[in-house]
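All remarks here apply to the structure that follows.
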Amino acid sequence: MDVRVAHCLLLWAVHFFPAAPRVAPRVLSKESKTGNLQDGCINLIPCEVSGAICIQPCSPSFHGEMSFVCKDRKWQMFIDACANLDVQSLFQRISEHEPLPSSGGHVSVAGGHLPFVGGGKPVHGKPGDEAKHFGADDHGNSNCQADFSCIIPDILSSPAIPGNIADIVELLKNISLMLSENVNRGKMQSYSRIANHILNSSIISSWAFVRDRNASSTLLDSVNLFAGKLLLRNGSESIQEHFISTKGYSIYKNTSGKSFDFSMELNKTSNISGRVAIPEEELLKLPRTSKAISIAFPTLGAIIETSRLDPVFVNGMVLSVSLPEELQHILLTFEKVNKLENVKAQCVGWHSAERRWDSKACKMKSDNISSVVCMCKHHRRTFKSFSILMSPTMLRNMVLDYVTCVGLGLSIFSLVLCLTIETVVWHHVTKTEITYMRHFCLVNIATSLLIADILFIVAAIVHNTALNYRLCVAATFFLHFFYLALFFWMFTLGLLILYGLLLVFFKITRSVFIATAFSIGYGCPLLISILTVAITEPKNGYLRSGACWLNWYETKALLAFVVPALGIIVVNLAVVVVVVVKMGRPSIGDGCKSQDLSNMIRISKNVALLTPLLGLTWGFGLAIIIDSHSLAFHVTFALLNAFQGFFILLFGTLLDRKTREALKKNCLSSKRKCSLAKVNFFFTP
């Protein structure tokens, strides 16, 4: 059983609280049973003083230390410098100079000393291994200085933990500074493979615990420096890894323009693209044949976010360029990671000296739902890397989310209450054919909207947690189906109004009505939904990016909802007009005032139900499609749409006189039965 000593030092973080006194160091020893590196601080030292720091060494197989900060009475890791890479010996293998002893953490290179973050470890191995330190690979070939390939296995086999990430960044930095002469294809491939190891999308979160918060910026500058010296074979070069891609072209004065196109893996489920274009008018400034180098990083933006204390949200890949001094302006096209329609973009350049994104480097040329075109100013010392940020004036805000959540909760509660009331009073309010048909439509309207509201919540959960693409497709299909069913049942209700007013002497049986109503209410939505997914899904155009709902900008799949919905609104508005005309010119004699009054009340109820549900609510929905940037339209539509269930309860149930009377009779009947039961209880012998 291994025994290790956890040297834990509790002290005030001077860089967080400069005036705070130091806490006396404490040394504890503990037999490690689980091998958990956090046992020393988390399980042995009480976290009592907010801001206190606990430092403990790593396990025996690693060098370095880990630091924890006391926050909310819990130890939280904020630096993990544990590493198992010997970067000094790795650099010695690819260096042309015989190394000095590794004590002190410095290596002699070209008359200077090379600093490394790790203390270094002596190299032990079989006889003959010493040759590797002078440029020989495993086969005895002295090609390590030519392409750096001999250090690749050690790096790729090491875990991409924060301490190793920091050491690899330092290694790449020193390679760029000291070994960047004659950068051929082999060197660039090896350099890219090393960088790719720490740019993997699966280890982005590890960058949050790297000691140097500027490590991602150092990596970016190092790659730009090294790739900028790439030698081109036959006028072009292309080196592709999963998370870093380098391309180079020879450029001439009399060409029509040059572009670099990238399409790379963002994560296991999606890709992202970008484009760098040099305008023709810029190429006219070239005095001689030159070269242009471009590097694409699909994950570096997220890594920079993780490393910074004031994170901004990078919404595309990071594109770097290395151009002659004469060329200053370039056009960059970025595909958005988040393609929600209310997410606007901001073009930025990375300020190398100040290590921050600067909006002054670029101007927006165009911005749509899926991509952004930026005109950026290239400067060899200041601005060589560019990307897009999410605009700080994003439309989604707490007000809109609050209105949606509260409205959906009220809508679901109202619909459940509506269906409960309909169940209680069903036999009292469905004695005639017209009333039966009306309440039959109302129950299906409420049921469709209730299921649609529940599916809306499910779709939001699926989107936020990225559970499954197929689950998102299924949620969108059924959401589309039940929202359409809501409209088609309202259409059926509108036809019922016409039937009750115009076809007085034409009677249909309940079975015929139910068959017809189900064909319209559910058959038509099912057909439209199936055709929509069958046509657009094979082209990956069924879903909109960033949400479980129908696509609009690529395939216009949303038209399969908008067109039927607006068509039904127009038809039902025409029904309302017919009702008003019929009311103004009654076919019954003028003496039948009581019948006219009864018709007016019934028509008023139907108009009150149709108008807010169809005309007003989805009118604002159309306004959002026309002007998606209006916060007022979004809030109004969210408010009306979310409260549709309450409108159905109010206008369809509570304001209906016969429903209220039936509910009252049912309550009185229940009380009477209760009273009789009590009497029988007392007088029964």
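Cβ coordinates are placed from backbone N, Cα and C, and glycine is handled just like the others.
Per TrEMBL, the features are as follows:
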type	residues	note
SIGNAL	1-25	signal peptide
DOMAIN	253-396	domain 'GAIN-B'
TRANSMEM	399-419	transmembrane segment
DOMAIN	400-656	domain 'G-protein coupled receptors family 2 profile 2'
TRANSMEM	440-461	transmembrane segment
TRANSMEM	481-505	transmembrane segment
TRANSMEM	512-535	transmembrane segment
TRANSMEM	558-581	transmembrane segment
TRANSMEM	607-626	transmembrane segment
TRANSMEM	632-655	transmembrane segment
Thinking of Cβ pairs under 8 Å, which stretch from 440-461, 481-505, 512-535, 558-581 has the most of them with the transmembrane segment (399-419)? 440-461
Do the transmembrane segment (558-581) and the transmembrane segment (512-535) share at least 3 Cβ pairs closer than 8 Å, excluding pairs fewer than 6 residues apart in sequence? yes
Ranking 440-461, 481-505, 632-655 by Cβ pairs under 8 Å to the transmembrane segment (512-535), which is first? 481-505
Tally the residues of the domain 'GAIN-B' (253-396) by DSSP class, grouping H, G and I as helix, E and B as strand, and everything else as coil. 15 helix, 68 strand, 61 coil
Which sequence-distant residues neighbour the transmembrane segment (440-461)? Criterion: at least 6 residues beyond either end, Cβ under 8 Å. 408, 411-412, 415-416, 418-419, 422, 430, 467, 472, 475-476, 478-479, 482-483, 485-486, 489-490, 492-493, 496, 513-514, 517, 521, 547-549, 644-645, 648, 652-653
What parts of the chain pack near the transmembrane segment (481-505), using Cβ distances under 8 Å and only residues at least 6 beyond its ends? 434, 437-438, 441-442, 444-445, 448-449, 451-452, 455, 517, 520-522, 524-526, 528-529, 561, 564-565, 568, 571-572, 575, 578-579, 582, 599, 603, 606, 609-610, 613-614
Average pLDDT across the domain 'G-protein coupled receptors family 2 profile 2' (400-656), rounded to a whole number: 79
